[in-house]
Structures are given as C-alpha cells and as structure tokens.
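Annotation source TrEMBL lists 5-phospho-alpha-D-ribose 1-diphosphate binding site at 79, 104, 131, 132, 133, 134, 135, 136, 137, 138, 139, 200. According to TrEMBL, the feature uracil binding site maps to 194, 199, 200, 201. Residues or ranges marked as domain 'Phosphoribosyltransferase' by TrEMBL: 6-208.
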Ligand code: URA
C-alpha cells in the first residue's frame, strides 16, 4: 500500500500477538506496549538524515555520524498515544513532546480541539504523531490538521494497528504523511473497533474497563 510501511520484525509481531490476547493483563499489556514502542520507534526513525561531526576518540580524531537538524517531536494523541511515548522516549530521550486532544464532530465534521501543546518551532522539526489504533482515522486526521495549521509539514504517523478504512481516509486527507504500523487488520466493525484488533487500547493499558 502506497505510503504505508508494515513493520514486520519478528519481535514486533510476537509481542503484538501477546497484546492481542484477551487474557493478557493490564500490567503485561503496558509492559509489552513499552517494549514494542521502542522497536516501532527504531523503524520509524530508520532513515533520519545524518551529518558528520569531528570528534576525538582516545586514539585519534575522526569524522563520525550524528543526527542532522533539530530534535524530533513525538506528538501523542490523547489518551492512548501516551502508551507509545514512554518507550520512544527511552530510545530518543532528547525528543520534544506534544500532546493533542482532538476529536471530529460527527455533525459538522470539524476537528474539535480540547488540548494542544507543542514546541513553538514545529515547522522546523520532524513530528512523529503516535496513536496505537488507526481505526476510522478521524482523530489522527484532525490532530494532523491542527499540527499543519501551526506550520508543521514534516510529519510521520506511527500506530500499532490500522484498519484498511482508516488508512484510506487518512491517506486521502494527508497523502504527504507516511504511515507506519505493525499490522493492517481485516476491517472496522459497526462500533468503530478494529477487527480482530486488540480491543480498546486505552482501556487495556490503563485498566479502565
Ligand atoms: N480505538 C481502540 O482503542 N480500539 C479500536 O479497535 C479502535 C479504536
């Protein structure tokens, strides 16, 4: 699928299988989410631009690669996006963090923002927007609308599971934003859940159901 990368690393797929199981505990789900998010982060940052820096080892001077440009921004779509943040920040501790609370009004179809916090200079940074589930795509589309309104233009979207319907809608709205996911599942059900999925990601990570 154009613009969509499925992260099929065996460790990702193994951990995802355990997360999908209904008997996996809240503590287990949360631990696996943290573990899997480091692996997903590794893949979504695989092609970051590098520049050479002159350093001195104990033996001699050398040219050595470092990341080019400003620090990354991880933008979490509340609340389930926060579950992906922890592991990602372990891998990139210097990343900046944005939190976005947004939903799409069913009647007006307008994005309603109830919380937004991000660095001022998001126009100059790569933003990795995270939400475990790309279901209808509505909140991801709305969150990225809000980031773009504030000048962001270098954006990637990372999730754990995606529904084909959500991917289509997302790519129709934001064809410039590549999607990274561990799985494209079968379909959305009438309640907007991804099938076979893993249930409500927020409830499973916070034990709220
Ligand atoms: N959000 C979830 O947490 N789970 C789904 O299956 C769909 C949306």
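Backbone N, Cα and C define each Cβ position, glycine as well.
Keep in mind that this is a model prediction, so the values were computed, not measured.
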If you check the binding-site residues 133, 135, 139, 194, 200, 201 one by one, which have a CB less than 6 Å away from any atom of ligand 1?
133, 135, 194, 200, 201
What is the total of other Cβ atoms whose distance to the Cβ of residue 139 (5-phospho-alpha-D-ribose 1-diphosphate binding site) is within 10 Å?
23
Residue 200 (uracil binding site) as reference: those binding-site residues from 79, 131, 133, 135, 137, 139 with C-alpha within 10 Å of it:
133
To see if you understand the setup: which same-chain residues, six or more apart in sequence, place their Cβ under 8 Å from that of residue 133 (5-phospho-alpha-D-ribose 1-diphosphate binding site)?
80, 159, 160, 161, 162, 194, 197, 201
For residue 139 (5-phospho-alpha-D-ribose 1-diphosphate binding site), the three-state class that DSSP assigns:
helix
How many other Cβ atoms are found within 10 Å of the Cβ atom of residue 199 (uracil binding site), counting all protein chains shown?
17
With Cβ-Cβ distance below 8 Å and at least 6 positions apart along the chain, what are the contacts of residue 135 (5-phospho-alpha-D-ribose 1-diphosphate binding site)? List them in sequence order.
163, 166, 188, 192, 193, 194
Could you measure between residue 199 (uracil binding site) and residue 131 (5-phospho-alpha-D-ribose 1-diphosphate binding site) for me? Cα positions, answer in whole angstrom.
14
Other CB atoms within 10 A, centred on residue 201 (uracil binding site):
25
